[in-house]
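Peer 1: Pulled these features from TrEMBL for this protein:
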- 39-66: transmembrane segment (TRANSMEM)
- 39-516: domain 'Major facilitator superfamily (MFS) profile' (DOMAIN)
- 78-99: transmembrane segment (TRANSMEM)
- 106-126: transmembrane segment (TRANSMEM)
- 132-153: transmembrane segment (TRANSMEM)
- 165-188: transmembrane segment (TRANSMEM)
- 208-227: transmembrane segment (TRANSMEM)
- 308-328: transmembrane segment (TRANSMEM)
- 379-398: transmembrane segment (TRANSMEM)
- 405-425: transmembrane segment (TRANSMEM)
- 431-452: transmembrane segment (TRANSMEM)
- 464-486: transmembrane segment (TRANSMEM)
- 492-511: transmembrane segment (TRANSMEM)
Amino acid sequence: MCKSVSIQSVTCASEVEKSEEKVNFDEAIRLTGYGKFNYFIVIISGVVLSAVLLETLSISFVLPVAENDLDLSTEDKGIVSSVAYAGIIASSHISGFLADTKGRRLVIMLSLLLSFGCTLISSFVSNFWIFTAMRFLCGFFISGSSATIYAYLAEFHTIKMQSKVIMGAAFVFGVSSMCMPLIAMLIINQEWMFVIDFLNVEYKPWRLFVLTCGSMSLISGLCFVFLPESPKFMFTNGKKEEALGTLRKIYRLNTGRAIEEYKVKEIIVDEKNIETSCQPDSKDLSLCKRMWNQTAPLFQKMHLKNTLILCSIQFLIFNTSSGFYMFFPEILNRAIEFTKENPNTSSTICQAFYQNRNSSMTDVNPSNIIKLEFKTYEYSFILEIIYALGFAVIGVLVNRLGKLFIVLFVLLGCGLCAFAISFVSIVNLSIYLYVILLACGLSVNVITGSTLELFPTSLRAMAVSLSLMCGRLGSVFGSNVVGLMLDKYCEYAFLYSGTTLIICCCLIFYIPNISKRRGTESSDNKVISPS
């Protein structure tokens with residue numbers, strides 16, 4: 001009897017061992033453990049996202065103090081503010097195509113390094129059009145990393161962990177982004193200057209600020225020299241042994257054990273979720289044709305609804321989060337100056353903006369370098385703290401509460417703040433409501449997590465790139481609409497912003513599986529696999 005039990009136990013152990021030798025990709029990722037490598041990937045992904053922010057939004061702090069050096073008119077400021085987003089829009093499609101066909105790592109690394117090169121050049125030029133061209137190219141190149149990094153990060157983790165690690169990277173992004181107002185406060189308002197004769201350039205603090213913000217791209221780009229390609233990308237493109245080799249190295253880094261102890265010998269295709277490659281068989285096809293073959297499935301019956309909904313939501317969120325942010329320092333600066341000059345006057349933030357603008361137009365001294373009020377930096381820092389804490393809280397609760405609840409809470413709350421700003425007659429309170437309104441960007445990463453889950457690996461980077469491209473279009477559209485309305489119809493600008501966020505709340509319900517939670521095993525089994 002004992003012999004029989006012993007033989008049966010050995011047989012069962014043998015069957016378990018064999019089952020672990022041949023597993024699907026999600027199980028192979030799970031067996032690598034979760035350790036040092038995963039933490040580093042999350043951190044570097046957050047730094048990349050922060051680099052994108054610094055390259056695109058730091059210009060809002062530069063324009064007021066650089067207007068004399070670059071001979072900027074109000075119209076010129078509008079061009080420079082939106083030109084980086086124009087670059088991102090121009091390259092989003094091709095960067096998504098390259099990431100899905102040539103690899104995530106290569107696209108991310110090159111985009112970061114090339115972006116830094118453009119930033120370096122822009123920090124030394126005095127000609128408006130050259131500066132504008134460099135900002136456009138900076139946006140053009142940085143686009144490759146801004147969308148692809150989500151796919152790269154997710155593909156190193158199991159389906160259950162993907163939303164959580166994306167929010168973890170977003171938390172790192174939020175913490176890193178707090179550097180922007182701090183760096184601006186420490187550098188921009190200084191008064192030193194030296195002349196670079198052979199370039200005929202007066203090198204001032206704002207130029208150092210531009211270069212400092214760009215250095216984040218250089219640092220993160222160099223990190224990717226030592227990082228591997230996404231194993232899921234390699235597996236999907238038929239490089240099964242290379243993918244398995246990468247997983248073994250991750251196992252060794254996470255567990256400290258020998259590579260030979262990793263039990264997986266072969267990764268098998270999950271028949272329930274077989275991916276069909278959208279890449280053309282013929283290498284002789286033109287680039288445009290190949291890009292079309294990669295993009296067309298997103299607009300076919302199977303994916304069309306999801307593509308349109310996700311693109312529309314990102315457009316409307318960026319419309320406020322980035323569109324309104326471009327005017328954040330200026331509106332705050334004018335409101336703060338108004339409260340200093342009229343400490344006991346009740347006024348809405350828009351009325352303060354109108355009055356301060358009119359008084360400043362009658363007292364112009366172009367020889368002076370404009371400096372931002374200290375409180376402008378302070379409120380910017382508060383906004384970044386809200387983002388950092390918000391990402392941390394969402395990262396902890398996203399699997400328990402579900403994406404639907406979190407996105408509705410963020411967008412509805414921010415939308416109501418937008419409506420309140422037009423009517424609250426306490427300027428300081430209005431400023432805090434304005435800060436909360438801009439926090440609507442917290443929902444972008446949650447929506448991106450849903451995008452990753454709804455599309456297969458062969459379309460994932462393209463889907464994220466396309467949705468974020470629509471988001472950047474929303475940034476350009478929003479900043480122009482707000483710019484046109486701000487001088488005479490400031491209240492309506494905020495009402496417009498609140499309305500778009502409420503529309504987003506309605507569209508959220510049409511995203512498949514956004515109401516699913518991953519806190520329990522049963523819910524995991526019901527979720528559609530991104531594979």
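Using the three backbone atoms N, Cα and C, a Cβ is placed for every residue, glycine included.
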Peer 1: What residues elsewhere in the chain lie close to the transmembrane segment (379-398), defined as a C-beta under 8 angstroms and at least 6 residues from its ends?
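Peer 2: For the transmembrane segment (379-398), the list is 163-164, 167-168, 170-171, 173-175, 177-178, 180-182, 184-185, 328-329, 332, 406, 410, 431, 435-436, 438-439, 441-442, 445-446, 449.
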Peer 1: Considering every residue in the domain 'Major facilitator superfamily (MFS) profile' (39-516), what is the mean pLDDT value?
Peer 2: 82
Peer 1: So which residues does the transmembrane segment (405-425) touch in its own chain, when a touch means Cβ under 8 Å and the partner is 6 or more beyond its ends?
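Peer 2: Counting only partners 6 or more residues beyond its ends, the transmembrane segment (405-425) has Cβ contacts under 8 Å with 317, 320, 346-350, 390, 394, 397-398, 433-434, 436-440, 442-443, 446-447, 491-492, 494-495, 497-499, 501-502, 504-505, 508, 514.
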Peer 1: Using a threshold of three or more Cβ pairs below 8 Å, and leaving out pairs closer than 6 in sequence, do the transmembrane segment (308-328) and the transmembrane segment (464-486) count as in contact?
Peer 2: yes
Peer 1: I'm a bit unsure how to read this: which one of 165-188, 208-227, 308-328 has the highest number of Cβ pairs shorter than 8 Å with the transmembrane segment (106-126)?
Peer 2: 208-227
Peer 1: Does the chain bring the transmembrane segment (208-227) near the transmembrane segment (39-66), so that three or more CB pairs sit under 8 Å (pairs 6 or more apart in sequence)?
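Peer 2: Taking Cβ pairs at least 6 residues apart, the transmembrane segment (39-66) and the transmembrane segment (208-227) are in contact, with 3 or more under 8 Å.
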Peer 1: State the non-local partners of the transmembrane segment (78-99) in its own chain: residues 6+ outside its ends, Cβ under 8 Å from one of its Cβ atoms.
Peer 2: 55-56, 59-60, 63, 72, 106-108, 111, 131-132, 135-144, 146-148, 151, 290-291, 294-295, 322, 326, 461-466, 468-469, 472-473, 475-476, 479-480, 483
Peer 1: Residues sitting near the transmembrane segment (165-188): Cβ under 8 Å, six or more positions beyond its termini, same chain?
Peer 2: 38, 41-43, 45-47, 49-50, 53-54, 57-58, 61-62, 65, 149-150, 153-154, 157, 205-206, 208-209, 212-213, 216, 371-372, 374, 377-378, 380-381, 384-385, 387-392, 394-395, 398, 445-446, 448-449, 452
Peer 1: Tell me if the transmembrane segment (431-452) touches the transmembrane segment (132-153). I count contact as 3 or more CB pairs below 8 A, with pairs 6 or more residues apart.
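Peer 2: Yes, the transmembrane segment (132-153) and the transmembrane segment (431-452) are in contact.
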